[in-house]
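J.: One structure, pasted below without further comment.
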């Protein structure tokens with residue numbers, strides 16, 4: 001059994017199918033119908049519980065080759081967990097996978113009702129425990145727990161040292177991963193790692209870019225010198241967890257990189273940090289965008305793209321003073337992409353690499369290559 005307590009006073013008890021223990025985090029909902037493993041292993045969900053709108057979970061098991069990272073969300077909530085998986089590539093059940101990663105698995109919850117609660121109240125802090133079941137004690141622990149905006153989440157998911165990305169890329173012909181080809185000429189880019197998904201790095205690799213992954217706290221001078229020496233051709237700012245406004249030191253360094261006119265590309269948190277660094281602070285959405293079925297309009301082509309999304313924060317409309325808005329969300333008309341006028345920078349709020357989700361926005365990686373070739 002697992003007991004849940006939300007900051008709005010809701011107390012629930014359900015079945016446990018994951019790890020044992022107690023976790024505190026922010027509760028968000030995800031509307032993806034598949035790809036639960038990629039969601040669970042996405043560093044952007046660090047410090048969060050994910051409730052899936054898809055009522056069934058576990059039917060394809062789990063395969064560690066498909067992980068986005070070594071990091072995980074705090075826990076997952078589903079209407080029904082299916083222990084009997086069917087997938088030729090799976091090597092364990094989802095339950096076994098969650099236990100290995102220390103992730104709580106919670107089933108038997110009325111997820112429809114819970115998601116409606118989140119839509120009404122917004123994202124809520126929550127505590128879940130397989131150990132403590134007293135409502136008052138859970139309430140007390142949650143009351144004294146730090147808010148997610150005050151937690152140093154990025155530092156817990158960023159690389160501690162500079163490394164080269166050489167992860168193999170999935171081959172749909174063989175249904176396995178093919179090795180990185182060192183013989184192919186690659187432009188080298190620096191990746192500021194705020195919690196990068198593995199498939200973002202794979203897609204950068206697939207368009208001919210070799211990624212050197214730098215810690216989130218890397219000084220701007222180090223990257224500027226590398227660019228001036230032609231050791232790198234540009235900089236990519238990754239996705240990541242938490243409130244972008246909590247990263248004040250990193251924002252100061254990004255401001256220096258912008259002033260140096262280095263070609264840059266940001267996704268999700270990276271997109272937000274580029275905005276804040278130029279004086280346009282983000283604001284928090286009521287319940288965020290989480291899922292792989294969000295329509296986004298490309299304002300330059302008028303095409304509508306179905307995208308993968310995972311964020312709680314958004315850049316403000318005032319960004320139009322220094323940037324051309326290239327994409328908008330068709331659910332709420334929020335900004336999804338910009339091209340800056342004052343520097344060679346593009347950024348998007350959604351995830352063009354998908355994983356999970358459609359790849360209708362994959363062309364953005366090629367746009368970044370074109371940006372690099374222009375400098």
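A Cβ is built for glycine as well, from the same backbone N, Cα and C atoms used for every other residue.
What Swiss-Prot shows for this protein is this:
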type	residues	note
REGION	1-184	region 'CPSase'
BINDING	44, 240, 242, 269, 272, 310, 313	L-glutamine binding site
DOMAIN	188-375	domain 'Glutamine amidotransferase type-1'
ACT_SITE	268	active site, nucleophile
ACT_SITE	351	active site
ACT_SITE	353	active site
J.: Looking only at DSSP and grouping its letters into three states, which state does residue 351 (active site) belong to?
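T.: The residue in question, residue 351 (active site), is strand (DSSP, three-state).
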J.: I want to check the contact list for residue 268 (active site, nucleophile): same chain, sequence separation of six or more, C-beta distance under 8 angstroms. What comes out?
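T.: Same-chain residues close to residue 268 (active site, nucleophile) (Cβ under 8 Å, separated by 6 or more) are 44, 238, 239, 240, 310, 311, 348, 349, 350, 351.
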J.: When you measure from the Cβ of residue 269 (L-glutamine binding site), how many other Cβ atoms are you left with inside 10 Å?
T.: 31
J.: Rounding to the nearest whole angstrom, report the longest C-alpha distance spanning 44, 240, 242, 269, 272, 310, 313, listed for L-glutamine.
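T.: With 44, 240, 242, 269, 272, 310, 313 as the binding residues for L-glutamine, the largest Cα distance is 13 Å.
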J.: Do me a favour and check the Cα-Cα span between residue 269 (L-glutamine binding site) and residue 353 (active site); whole Å is fine.
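T.: Cα-Cα, rounded: 15 Å.
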J.: Quick one: which residues besides 44, 240, 242, 269, 272, 310, 313 have a Cβ within 8 Å of the L-glutamine site's Cβ centroid, in sequence order?
T.: 194, 195, 239, 241, 244, 268, 311, 312
J.: Can you count the other CB atoms that lie within 10 A of the CB of residue 44 (L-glutamine binding site)?
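T.: By my count, 29.
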J.: If one measures from the C-alpha of residue 353 (active site) to the C-alpha of residue 272 (L-glutamine binding site), what distance in angstrom results, rounded to a whole number?
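T.: Computed Cα spacing between residue 353 (active site) and residue 272 (L-glutamine binding site) is 18 Å.
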J.: At a 10 Å cut-off from the C-beta of residue 242 (L-glutamine binding site), count the other C-beta atoms across all protein chains.
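T.: Taking every protein chain into account, the count is 27.
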